Amino acid sequence: MQTVFSIAVDALAYGMVLFVISIGLSVTMGLMRVVNLAHGAFAMIAGYLASYAARDLGLGYAAGILIAVVGTVIIAIPLERFLYRRLYGATELTQVLMTIGITFCVIGIANFIFGPTLKTIPLPPALQGSVDLGFRSIAAHRVFAIVCGLVVALALWFLIERTAFGIRLRAAVDNAAMAAALGVRTEVVYAVSFAVAIGLAALGGVVGAELLPVEPYYALRYMVTFLVVVSVGGAGSIPGALLACLVLGAIDTTGRYLAPEYGEFFFYLAVIVIVTLFPRGLLGRSKQ
Amino acid sequence: MKKLAMAAFAVAVLSSAAYADTIKVGVIGPFSGPFAVSGKNFKVGIDAWLAVNGNKVGDNEIQIVYRDIPQADPAQSKSLAQELIVREGVQYLAGFYFTPDAMAAAPLLSQGNVPMVVMNAATSAIVTASPYVVRTSFTMWQNTTPIAKVAKDQGVTKVITLVSDYGPGIDAENAFKAAFEKEDGQVVETIRMPLSTNDFAPLMQRVKDSGAEALFAFLPSGPPTLAFVKAYNDNGLKAAGIKFFATGDLTPESDLPALGDAGLGLTTTYHYSVSHDSPENKAFVAAAEKAIGNPVELTFPAVGAYDGMYVISRMIEATGGKKDAKAAVEAVKGLSWTSPRGPVTIDPESRHITQNVYLREVGRDADGKYINKEIQTFEKQGDPGLAFVKK
Amino acid sequence: MSTLFEVRNLRKNFGGLAVTNDVSIGLAPGDRVALIGPNGAGKTTFVNLVTGNLKPDSGNVFLGNEDITTLRAAERVRRGLIRSFQVTRLFLDMTPEEHVALAILQREGQAGRVVGHYSGRPALMQEVREILHQFGLLELSNIKAQEIAYGQQRLLEIALALALRPKVLLLDEPAAGVPQSETARIEAALKRLPADLAVLMIDHDMDLVFRFAKRVIVLAAGTVIFDGLPKDVIADARVREAYLGNYADAGSVA
Amino acid sequence: MTAPVEHSATVSPPVIRRLIDGGLIGALAIAVIGAAGYYLFPNNLALLTRMTAMALLVLSLDLVTGYCGVATLGHAALFGAGAYGAGIAAAHFGISEPLTMTLIGAVAGAVAGLVAGFVILRAHGLAQLVLSIAVIHLFHEAANKASRWTGGSDGLSGIMPNAVFGLFEFDLWGQTAYIYGLALLILVFVALKILVRSPFGMLARGVREDPVRVGAMGVSVHSVLLRVYVISGAVAGIGGALSAISTQVVGLDSLSFTLSAEALVMLVLGGTGSLYGALIGTIVFMFFEDTLSAINPFHWLTIIGALLVMVVLFAPKGLYGSAVALVGRFRRRQA
């Protein structure tokens, strides 16, 4: 029984880390309809910025996160203006080609500037060490990731479902022409959404760095994981992404505990079953 | 047009076969992509050797031609090796980080009359792929076997093994099991982890449940090793007194700063530590650190490349710059010298390097830098894996 | 006259709401029937049930003497139950010639062939030209469908259906979206449809319906409320009620 | 009904156009470019052979993605199946006659196509993409597990193909391998040209344009797609077999997501939905990759990335597709 609890805790922690890292992609793919394979590249840029600020400049973890999120968004703004804007409404294949190109560039540049080794973001003392749950201990930074995930989920849900901006965004997504006719400045809405998505990628990259350490190949290494999480959850659905992360986290963690050798099989078979049963994702928006 | 092309073709063929006072060495390695740090170390090792010894052997000038294979890709390896031999006219092939890449290029050697000096790829069988293969790195068996003895010496009788589920991992598992059972130890469970594993927490739970007193681990150096070591600490295994044994692949010097204090006290066996205390190593490290720019990135493939260059230089010396793979390989069989890692010999029979393997513990040096501190030496280790292959 | 196509007691519920409520219709060879009804009457659902894109909750569909209720859509097509679409569905990258040729090949069971080109078959090319000529599309036969006018696309849509040699043809608003100036051509094409073909046209363009149909069926709230001659439909009390007021009553009368 | 016979001359395509459609021109072009490659880069035939194998994979991908609109990031499964099929036949069963190996590769690829298609065709769009990713990972993992047969991550070695027709040995220079590969490519290209023109090819294009309409013509869309997948598998399998024969080693990379993604990038680069686009994309991408990585083995990826971005900005339909569009616009302006 204790083992079951223990696995459940691991699954929750892993799932929430996945959620924090992937949710930004769910926004780009579901709400902006851009298959952004460069999502990981932005998370990685944030990781480098945080590492530089917190470790090399010694500014501390909180400042590191802030600098990483703001800095990554600033880097992303010209990219949105000159590259991504061309992708809105383009075919999926075109989006794949462009964003993979961007990813290659970012990898090359990161390798050139920061070198190929792993970079870490030093944790504040409060997040180091373990938290005792009674029957086992869990790393403090994982608890932090869980909290971050919940806060992000709530904030995003509120932003999209409960604010005027959210209404505009959903209108722009569902029918850009109609929204424009109603006075919604779709370009601005898209730019802001993109910034939000990139900010989330950045936050995820920093918070998840304990599990997925920052190095130049980060941008491609986890791309598949992000894509799977988003589509299993249903692109654009915040609760869906949350559910997908918890389900996939549970399957992955349990599979790895019971039969680590066949962990990959478990995971991808589960993905096939879920995607076949729920082609729009677990809680996907019904409109294609 | 056709005639002209044929003529050019003939010239290219002849010039590569004929005596040349510039001798080209083709180096194939992962210079970009996820293993770029290893490729960089190849280059650093070679640059260091050239800096220390100059780029001339006798009258012959050595020129290095690099080719990139970001991830294991035998088809590309073969095509690059062929291009290097045929178009660039290289007299030596070197590098090779991944086993399948070396395996794919090996059949070209006798036809091309070119020796291959493997600077990393660590599967025992590679030397059997062609009589022209010489290896200056290590094998999984070579580095793994001594740690079983260490475990036994520390009074451990029950061990659980965790290895990445691919060739080298399975080699490590077999090697550890064979050596530990010879010491009357018991491997209570063997776990193979998919290479893509990011989260090791559930596996640490398995370790706890297994009742083992220690774990033996192998993962290729890179991001997962960091997560693995952290999971070992965070999930309370360290606190519970479960010992940690591994090969040095888990604690390459380039990962140590990232591991930080979490890595302190980890014991691994390996053929080379950057901190090895010898005049040869001091000279090597000084040159290598200059070549690499960022000293933190310096780690084991560099020494394989450095020694590989030494072997190649002896080959050039022996053949007088002539293209003669057979004579070149014969000349280095049984060759002994003092490498930065310690005394080494090219075993005449297997053409693999016989070397000391060291037990190391992660610690800090006087400057506070994280290092692998050598605490015990297993002298003149051959490759036990070859016997396993032949079985 | 023998019945060629028959729908018997067809019923479909969406979440407790009967969208198709016990509908029975029969068609004989040569019939020209129009199915009309106010918006939301369940016409589209009815078409989808007949073509096999939706499964009925109960009831049966017959073609000839065969019960085709459980057959898949493609199977029904192969038996001669063909439909056209309200919104043009064409292969925009292909020419009218290719469209019709493909339809004929499919009809002849040759569409799975992996070698040869249709232009190498004189008999087929002859038929393609005849059909295109019949719809006034011959001059456009080698222009991509996306480059021809909408009215002509609508004609091609019907030509495509005809090339499959239907026994029963379901025309879903054949003139929808076509400018007034071009509807005459579509009507003319409809007039020339083979005489022994049973046609069920779904539309709400009353002018077209009255000129085309010999019989009119009115669907309201999923129920057939009228099945008779065009001249009687305007006078029918229930039809007036359905179009002009109180839909709920119309349902209860049936 | 009166038949307008007088129109027939203008309606039926002229002889020359038929020849172009029939792939003769294309086959000739491949042969000429191939021969040019042979004489211009006589010392780099292994790269050219690799290009040929890759071109087969990209052509195969074009069948499902370009002609039928199936989004897949797992197409290397079909290529790898062919490579392992041919490789295992040679290494474990001593079947080392190259033509037989190629045939086995084609069959293995076709079977893999059937399996992959069965899974991938169960969804559309993003979901389909993810299914394809799952498929390639399962294939990869299965090959890794079956290391007794596949050699696992160390690669399958011990493949020693006989001489072609007992006459032409596979040697260091790679002439035999290249000419053999080129011959295969030309044969496959002509076969695909015939296929694309055939009624079935039209049906496949129809599925991409509007599956609902195809269904309304009495065709089972799913069965069309599945058949395309099997054919595509055979083509990719031939490519895989060629790779196994010329390299004499088969690695897990031939069943990898990376290879699948690379093939897709090459296809989109050249332009989807045209066999020429597939070929051009392959040649351009691999040529740049090889040249740039030789010039700077350490930082070439950046340039490749920039190149891809440029293509999207300036040739959004791919190199071939955009060139065709440009020529078309030019002609229309002239007319």
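One is the number of the first residue shown, and numbering goes on along the chain from there.
Placement of Cβ uses the backbone N, Cα and C atoms for every residue, glycine included.
Keep in mind that TrEMBL annotations are predicted by a computer and have not been checked by a curator.
Residues annotated as transmembrane segment in TrEMBL: A:6-27 (among others).
The transmembrane segment feature in TrEMBL is assigned to A:34-54 (among others).
Per TrEMBL, the feature transmembrane segment maps to A:60-84 (among others).
The transmembrane segment annotation in TrEMBL covers A:96-118 (among others).
Annotated transmembrane segment per TrEMBL: A:138-160 (among others), in sequence order. Remote same-chain partners of the transmembrane segment (A:138-160), defined as residues 6 or more beyond its termini with a Cβ less than 8 Å from a stretch Cβ, comprise 9, 12-13, 16-17, 19-20, 23, 27, 31, 123, 126-131, 166, 169-170, 196, 200, 203, 207-208, 210-211, 238-239, 242, 245.
The transmembrane segment feature in TrEMBL is assigned to A:190-212 (among others).
The transmembrane segment annotation in TrEMBL covers A:224-250 (among others). For the transmembrane segment (A:224-250), same-chain residues at least 6 beyond its ends with a Cβ under 8 Å from one of its own Cβ atoms are 8, 11-16, 18-19, 21-23, 25-27, 29-31, 37, 39-40, 149, 153, 156-157, 160, 173, 267, 270-271, 274-275, 278, 280-285.
As annotated by TrEMBL, transmembrane segment applies to A:265-283 (among others). Listed by sequence, the residues of this chain that lie at least six past the ends of the transmembrane segment (A:265-283) yet keep a Cβ under 8 A from its Cβ atoms are 228, 230-235, 237, 239-240, 243-244, 247-248, 251-252, 254-255, 259.
Across the candidate stretches A:6-27, A:34-54, A:60-84, A:190-212, the maximum count of CB pairs under 8 A to the transmembrane segment (A:96-118) is reached by A:34-54. The list of residues near the transmembrane segment (A:6-27) in space but at least 6 beyond its ends in sequence, with Cβ under 8 angstroms from a Cβ of it, reads 36, 39, 42-43, 133, 135-136, 138-139, 142-143, 145-146, 148-150, 152-153, 156, 193, 196-205, 207-208, 211-212, 222, 225-227, 229-230, 233, 235-238, 240-242, 245-250, 252-254, 257.
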